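Q: Pasting in a structure now, in structure tokens, and then I'll have a few things to ask.
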Amino acid sequence: MFNKILIANRGEIACRVIKTARKMGISTVAIYSDADKQALHVQMADEAVHIGPPPANQSYIVIDKVMAAIRATGAQAVHPGYGFLSENSKFAEALEAEGVIFVGPPKGAIEAMGDKITSKKIAQEANVSTVPGYMGLIEDADEAVKISNQIGYPVMIKASAGGGGKGMRIAWNDQEAREGFQSSKNEAANSFGDDRIFIEKFVTQPRHIEIQVLCDSHGNGIYLGERECSIQRRNQKVVEEAPSPFLDEATRRAMGEQAVALAKAVGYASAGTVEFIVDGQKNFYFLEMNTRLQVEHPVTELITGVDLVEQMIRVAAGEPLSITQGDVKLTGWAIENRLYAEDPYRGFLPSIGRLTRYRPPAETAAGPLLVNGKWQGDAPSGEAAVRNDTGVYEGGEISMYYDPMIAKLCTWAPTRAAAIEAMRIALDSFEVEGIGHNLPFLSAVMDHPKFISGDMTTAFIAEEYPEGFEGVNLPETDLRRVAAAAAAMHRVAEIRRTRVSGRMDNHERRVGTEWVVTLQGADFPVTIAADHDGSTVSFDDGSSMRVTSDWTPGDQLANLMVDGAPLVLKVGKISGGFRIRTRGADLKVHVRTPRQAELARLMPEKLPPDTSKMLLCPMPGLIVKVDVEVGQEVQEGQALCTIEAMKMENILRAEKKGVVAKINASAGNSLAVDDVIMEFE
């Protein structure tokens, strides 16, 4: 076994690898850029080596710099994590030449699976189900149209190299096939330096389901169930779960056996993932193989008890697998939510800045681990478990140079419904301030009827949120629970407010019992009867709720029980009440006496400023160019200007027809969020 491993990555995955290496008694080396000098993975590692400026192409993916760090520290092996150099065969080759072990598959497997045309041909030869298509090189648009007609519309036009949604077009007719071929070819050449294109049948309403495989260098291979990854936006996964709510045991076994057959066909030896698309009739088709550890690997670990990072390290050290297919048991259900630094109310634009508050929910164990083919620890209890894989800390910076993922929040429970409920509570308990984040959106997904039923495809977000995420309106049942909680909390706050220093407990000024709770445009008249154990909140329709809590004024997180069911609220003080965030909703909750509530209804509502005739900057960024001038008439959808943020260019377009009256910014200007870029007549 190795004595020292270098992790050629950063963020949460570097921290994840360090945890397992530490458990195995292996010392670790971190690498870091200027931007990551104080990063969590640097603090956790036994050693750390500086490798350059913040941009990844000047630090983390420069092979020579990583190799220099390996030589300087004497690391015997390198774990690449995911992204960066994890699927770079030249990096694996450089390590081999240096006599350093790559904790991943052989170079040949990386190359074979990294090319979509080659990988599909190998899959067909290994009797793996593939999407019908043409695997030869397509010379021009006319040939693309001919092949598309032979396959039958709709078709997917794809670049052979690369990924991430680039060089991909769906065509529903000849014209779209002709245009899509040229666009995909251009994008592929610009993005990957390789303009080879192939065409395959497009599966409508597909699910994205992947199989986790684990192979060694002794010819052994197993699969560890599947992961459902259908909830995506812009080809980026947001929510994953294991197992899939859609598959039956026969389909799972067939997919698993084909995934292992493909891995063995390329001499695979490590953890890897074979991705499939699955239609509504449970027909499945090979999509691609990721020759690395997946971001979403924790859900597999939670339902199998297998530490995938440990297995990767043991396989890399030449050990045979200690686990057989018969040892693998899928126990319970696990769900992962990816917490991103982004603003869900502004089209999920990235957010940067300092984490002024970062308090994840407490982590709890999910049951036994499978070690050397034997289960270690107690059998899973009926209680839910929480896991949070992260690479940040309170006071740390979210940088513009890297992926905006803050954490991967996972829950495990005996059933899917219990895992979802555990995730709802965990999301409500997760405190993040200082930056924009997608916690409200994740909460909304967990409460969405289609997700709850398991009836979702890769089009879920596009179909259910066609206008983008606009926040959450709680149903009346939840509003009443929040109203009862707010009334009970207000009573506690009033007792504190009216207490005189030095006065004995239970001798405070009497606090009223009748209040009106106003939230989300609704009034709830209530009466509170308090005792030593909590409060009974009665509504004017005769119903009542029992509220218990140890919340005290000033606490930013309230854990309550309302009629025996948990309710977690993020709490802030506002005049006459609270700002409460729960289940994805952001509520202003006012608690008033009946007379105050009566007068409040007569007060004119303060309207927000009218910005309908302004173009506001949606994120901190740099104006790259302005495409219009004063006096120019613009049409809906017309490009107005381009802003660069987090190394990505974002085109801002006109929301409606109008005439430009004033332009307040020019190319080269740095702007803050909501700065007025231009105004219209």
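Glycine residues also receive a Cβ, built from the backbone N, Cα and C atoms like all the rest.
Taken from Swiss-Prot, the feature domain 'Biotin carboxylation' covers 1-466, and the record attributes it to sequence analysis. Feature annotation from Swiss-Prot assigns ATP binding site to Lys116, 148-209, Asn235. Annotation comment: Swiss-Prot describes 120-317 as domain 'ATP-grasp'. Swiss-Prot lists Glu275, Glu288 with the feature Mn(2+) 1 binding site, giving sequence analysis as the kind of evidence. Annotation source Swiss-Prot lists Mg(2+) 1 binding site at Glu275, Glu288, citing sequence analysis. What Swiss-Prot lists as Mg(2+) 2 binding site is Glu288, Asn290. The Mn(2+) 2 binding site annotation in Swiss-Prot covers Glu288, Asn290, and the record cites sequence analysis as its basis. Under the heading active site, Swiss-Prot lists Glu288, citing similarity to another entry as support. Summarising the annotation, Swiss-Prot assigns biotin binding site to Phe348 and lists experimental evidence as the type of evidence. The domain 'Biotinyl-binding' annotation in Swiss-Prot covers 602-681 and rests on sequence analysis. According to Swiss-Prot, the N6-biotinyllysine annotation covers Lys647, on the basis of experimental evidence.
I'd like these features described in context: how deep, what's nearby, how far apart.
A: When secondary structure is read from DSSP and collapsed to three states, Glu187 (ATP binding site) falls in the helix class.
DSSP assigns Glu275 (Mn(2+) 1 binding site) to a strand in the three-state reduction. Long-range C-beta contacts of Glu275 (Mn(2+) 1 binding site), restricted to its own chain and to partners at least six residues apart, with a cutoff below 8 Å, comprise His208, Ile209, Glu210, Phe286, Leu287, Glu288, Met289, Asn290.
Mapped onto three states, the DSSP output places Glu288 (Mn(2+) 1 binding site) in strand.
Around the Cβ of Glu288 (Mn(2+) 1 binding site), the number of neighbouring Cβ atoms within 10 Å comes to 18.
The DSSP secondary structure for Phe348 (biotin binding site) is coil. Long-range Cβ contacts of Phe348 (biotin binding site) within its own chain (separation 6+, distance under 8 Å): Arg233, Tyr340, Glu342, Asn438, Phe441, Phe469.
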Q: What is the pLDDT of the domain 'Biotinyl-binding' (602-681) when averaged and given as a whole number?
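A: Mean pLDDT for the domain 'Biotinyl-binding' (602-681): 88.
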Q: Name, in the order they occur in the sequence, the residues of the same chain whose CB lies under 8 A from the CB of Val203 (ATP binding site) and which sit 6 or more residues away.
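A: Residues satisfying the criterion: Val131, Ile277, Asp279, Tyr285.
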Q: According to DSSP, how is the domain 'Biotinyl-binding' (602-681) divided among helix, strand and coil residues?
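A: Counts, helix then strand then coil: 0 helix, 37 strand, 43 coil.
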Q: For a quick check of packing: other C-beta atoms within 10 Å of the C-beta of Asp195 (ATP binding site), how many?
A: 18
Q: What is the one among the binding-site residues Glu179, Glu187 whose Cβ has the most other Cβ atoms less than or equal to 10 Å away?
A: Glu187
Q: Test of understanding: give the count of other CB atoms lying within 10 angstroms of the CB of Lys116 (ATP binding site).
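A: Other Cβ atoms within 10 Å of Lys116 (ATP binding site): 22.
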Q: For Asn290 (Mg(2+) 2 binding site), list the number of other Cβ atoms lying within 10 Å of its Cβ atom.
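A: Taking every protein chain into account, the count is 20.
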Q: Let me check the 10 A CB neighbour count of Ala171 (ATP binding site). How many other CB atoms are there?
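A: There are 23 such Cβ atoms around Ala171 (ATP binding site).
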